[in-house]
């Protein structure tokens, strides 16, 4: 059992969310005696967050569930600069229109985890572009910039590692940590916010905000970071061989999302159940005791629970049933991901490599070729050995479909359109 007084820190500790806290006892006391407003920042660098950001969303979820007020800060302003933390090179700058489109797309996911509204602990979604776009540069340098030591900023690992490799760090990117620190102070002024959370790579940026707040007269501010997660085999969370595991349903189907979690390594099952589901800890402990083939039942529960939170219980159970029919009963379920191919194209024939790319099982013909040559590709459960193979309408089965498979667990139905 953890020694925390507050429900929030106790929950995070028991479930493995905590990496560092700036003032553990002070934050615990504050959370135990009053409703605390806390935030996590999200940069709109793509139309969707991916599964690597899910741990941050779950932290906001538990914050609200334990009686506090979560704020999801969208980086409409800082997104135009780009976070240089632990990046090897500068990010490409995005247009205002792209940022706005990405923010609108990302917002839809949060409603599945948080309750928004005007209540004391209802969630807020805020765009830092509201205040950053209107900053007077000279006033900002005088009032905020004077509190920052360049010597200290150069000592942060996020910057130091980049410079040690003799990689360029632009003045634009260097300003990112100042803007993020200012966000913390501005959010305190606007919403009485006291806590910023994030991944462990954000520790330096968050502590900068605490220091700036102290120098600018805010109440005591706090930092809490979560560990940067990798799988037991060292792979980054949110990535798979097929690409990013997006949270938006229009970028990754509920079935493919379910499959990602079903494929969790044995050594990660207990940890992921604690972090990504709301199952009681005693139930998680029971599932963690399963061994041998039974561990697969725990993986199915993990996949279904994580998918239910994001896509809804019906979509999660449909994905689980589709997988059961496909892998256990050998049936061809129409709930598998489906790609339409024009009838004329099928009649003329399409190369298997191009079909793999079209079905989004691979990103390039070269990748598809390697899978074919490695014996991982099947059409209607028959192995494909020739990368020059042409697939045409003759491959349609009695249901008018072609089943295209990569490995044992990735299947797409090709349907004439």
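Using the three backbone atoms N, Cα and C, a Cβ is placed for every residue, glycine included.
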Match it up for me: which of 14-23, 24-33, 34-43, 44-53 does Swiss-Prot list as motif ''HIGH' region'?
44-53
Tell me which of 231-235, 236-240, 241-245, 246-250 corresponds to the motif ''KMSKS' region' entry in Swiss-Prot.
236-240
Overall pLDDT of the motif ''KMSKS' region' (236-240), taken as the mean:
74
What span in Å does the L-tyrosine site cover, taken as the longest CA to CA distance among 39, 176, 180?
18
Just give the helix, strand and coil counts over the motif ''HIGH' region' (44-53), going by DSSP.
3 helix, 1 strand, 6 coil
For residue 39 (L-tyrosine binding site), what is the secondary structure state per DSSP, taken as helix, strand or coil?
strand
